[in-house]
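The annotation transmembrane segment is assigned in TrEMBL to 21-41, 154-175, 196-226, 362-384, 404-425, 440-458, 470-487, 507-524. The annotation region 'Disordered' is assigned in TrEMBL to 529-548.
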Amino acid sequence: MSEPVVKDGLRQSMAWLHTWGGLWACWVLFVVFLTGSLGVFDEPITRWMKPHLPQAAEASGGTGMDDGFDRPNAVRMGHDWFVENQPGAHFWGIGLPSDEDPSIRLFWQDPQENFHNARIDSTTGKPVDGSHERDSEGGHHFVHMHFEFHGGTAGIWLVGFFTMAMLVGLVSGVITHKRIFKDFFTFRPGKGQRSWLDAHNAVSVLSLPFQLMIAYTGLATFYALYMPVGIATHYSNEEAYFADLLTQPAQEEHTGIAAPLAKLDELLVRGEAQLQRPVSFVSIEHPNDSSSSVRLFGRFIEKSGEYRLLGDGGGQVLFNGVTGEQTDIQMPGELRGGASQDVQSVMANLHFAAFGGHAARWLYFICGLAGAAMMATGAILFMVKRRQRSLHEFGARTPQVYRLIEVLNIASISGLALACIAFFWANRIIPLGISDRPEWEIAAFFAVWLATFVHAALRPANRAWIEQLLATALLCLALPLLNWLVVGDQFIAYLQRGDGERAGVELVAIAFGLLSLWTARRLWHKSQQAAHAKPRRERARNAEAEVA
């Protein structure tokens, strides 16, 4: 007796999963990929947004012990500021001056576990007058959008969920498209739905190894958050787990017994002698308590021509905060945690492009944009197919659901691009010296993005696409002009000074502007052709009716 024929085989089931699972995930994943691509160059973006910072070539010189800064005096200044202003804080952090930032950066955690920061002059110890500096989150805004949407732990979980959905989408996509590798070499422009499918297949196959790697390594980076059961079962907290994993002394609990802090300048001198490199950061847990500890972090020195997946790090030294006794030291290049931790470090460095220099970063940038294009073409393909033939998946509500999907497509793709370039404009337009200036820039980003949702809902779909793309093109192409009017600089001046990072920011913006302008022009021409073709089709139908 023959087996019954299964109507919905594996490929059909995977096609349904790929279509609907991919649709609901693609909007979030487009945000993850676009902001992640920009985040690859977070430091150049930050330098562009902070004109007072020296260019990268100047900032890379002071990596030796004698870099012109009196670090023992700087750590004393930081300690004195904390004693006077934040004696009850549970944590003190002192970022020591460097060529990149000659000020002393101060961080602390109040009794309510809220973090704060300040900056003081490294020569006078007085608060830095930031009224003439362009304070900004810089490129770190895109990094935070990439992995947590500025939403903290909840945002990390959200991104993790959709990253898992992405892995499902990649596997189901390969199963669904049995000719996917053959179709990779086929692109038929001007064919409507066929063209969108060809584009989706091409960018997907081209970047498939990268997409699998970047999704898996992103999940592996936050393994302690996504899989906490094992840690919670065997350890009191994450700190105890990592102390055990890295064979470091665990931080003692706060005792409430007052005890004077050891002299930080003396600990700094001892630590630098041990590490044989300058200290970049000093952290003090439970200051002025009998449980206090002091940790010194050595400066990371990137060796020219050496790009390894297991970096040497800067090393660190741990002291008892009361007695000054050295309790642990991890030398630069020393790896701890065994093979499993080495694998996790490789995963993290793969995800963060912490190897390979500029070539690797550009490769990640291009592949990240290919991932964004994969999401965008998939979302657009869904609506192109449904415009030609509705499947009535939602009954009488199907037109309203299709309209909602169209709005989400527009705002999530062209709207996000507009919000990203608006963030650069906000950096130049928002007045200097305003309180919480970085937060105002981020608020401008979200305000523009929200406005694109409203705009997409109010305008016809094709008009909304064209108008948002034109707005993006205008802001991108005019960015060098805005920079010249506000700061007095633009990419030609940057190139003349050898400041390739800042020039690159504006040149990439111009490239995105030209791409947006070309796309808007293509959409406009297609809409005009469709408008002219409609009366001709109606006349042909009327003529056929008269003949009949």
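Here the Cβ of each residue, glycine as well, is placed from N, Cα and C on the backbone.
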Given the transmembrane segment (507-524), which of the listed stretches 21-41, 154-175, 362-384, 404-425, 440-458 has the most Cβ pairs that are under 8 Å apart from it?
404-425
Of the listed stretches 21-41, 154-175, 362-384, 404-425, 440-458, which one has the most C-beta pairs under 8 A with the transmembrane segment (470-487)?
404-425
Test of understanding: applying the rule of at least three C-beta pairs under 8 Å (pairs 6 or more apart in sequence), is the transmembrane segment (21-41) touching the transmembrane segment (404-425)?
yes
Is the transmembrane segment (440-458) close to the transmembrane segment (21-41), in the sense of at least 3 CB pairs under 8 angstroms with a sequence gap of 6 or more?
no
Tertiary contacts of the transmembrane segment (440-458) (same chain, 6+ residues out, Cβ under 8 Å):
136-137, 141, 150, 406-407, 410-411, 414-416, 418-420, 422-423, 426-427, 430, 434, 464, 467-468
Cβ contacts under 8 Å made by the transmembrane segment (154-175) with residues that lie 6+ beyond its boundaries:
10-11, 14-15, 17-18, 21-22, 24-25, 28-29, 32, 146-148, 204, 208, 211-212, 215-216, 218-219, 222, 225-226
